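For reference, TrEMBL has these:
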- 6-29: transmembrane segment (TRANSMEM)
- 41-60: transmembrane segment (TRANSMEM)
- 72-92: transmembrane segment (TRANSMEM)
- 104-124: transmembrane segment (TRANSMEM)
- 130-150: transmembrane segment (TRANSMEM)
- 162-184: transmembrane segment (TRANSMEM)
- 190-211: transmembrane segment (TRANSMEM)
- 216-263: region 'Disordered' (REGION)
- 249-263: compositional bias 'Basic and acidic residues' (COMPBIAS)
Amino acid sequence: MEGVVKFIFGISGNVIALFLFLSPVPTFWRIIRRRSTEDFSGVPYSMTLLNCLLSAWYGLPFVSPNNILVSTINGAGAAIETVYVVIFLVFASSRRTRMRMLGLASAVAAVFAAVALVSMLALQGQRRKLLCGIAATVCSICMYGSPLSIMRLVVKTKSVEYMPFLLSLAVFLCGTSWFVYGLLGRDPFVAIPNGCGSFLGAVQLILYAIYRNSGSKAGAGRGGKQHASGGDGDDDVEMASDAKSSNKVAHDVEGAGKDDRLV
């Protein structure tokens, strides 16, 4: 019975994680249409690719038995993220951006190759599982921690405009599904990082509940102040400042990545 429950949570984790992997599609469709990466950051996609590669490797039978569902979804995620990285390289807005992304992609390939080769040629059994598990866990925790900048912006601006509810809910459900999967399989390398993801997803939902109506009130307050002042020069400066701040917030959020995701 425990095995059946574990399988169900693994399947649900696969489905939700796939949604998270595909969530940046609108961003990349925009990049393709405009033939430029503009100010988008490629770092989150490179880091997600590394996480998927390490997690998929960890889930393989000769590294960690009975974790094939971990390999299937992360293998799919690695393929999707590879497409994102290639698109970013092809449509990079400048030569400097392309070279930086190429350097990141090379570093990702080097780290994964090093872990895979050392685990296969120098280690066996539990020692192999330990190395691959630690590498995948560290990468997953870093990925789950990436939305901290978004949560800080929510608290600072008292607005959830840049933290979509469905994405936060998916992060919570994905982390919870894989956390339970790891617990049932008595696998700390699956349970620990996804427990962190479940917790951070819950924090995002709590922040959403607290600030979901604050953004509109703040906007109304700014609009009312402008109307009452008669539109003098000081208000023009304030409006310009607000516009710059909004653009900065949007840029920061795009750089932080979606992903928030994963196994």
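For all residues, glycine too, the Cβ spot is worked out from N, Cα and C.
Heads up, TrEMBL stuff is auto-annotated, nobody curated it.
Between the transmembrane segment (6-29) and the transmembrane segment (162-184) there are 3 or more Cβ pairs closer than 8 Å, counting only residues 6 or more apart in sequence, so the two stretches are in contact. Here the transmembrane segment (41-60) has long-range neighbours at 21, 24, 67-72, 74-75, 77-78, 81-82, 84-85, 88, 97, 100-101, 104-105, 107-108, 111-112, 115-116, 119, 129, 132-133, 135-136, 139-140, 142-143, 146, 189, 254-259, 261-263, meaning same-chain residues at least 6 beyond its ends whose C-beta is under 8 angstroms from one of its own.
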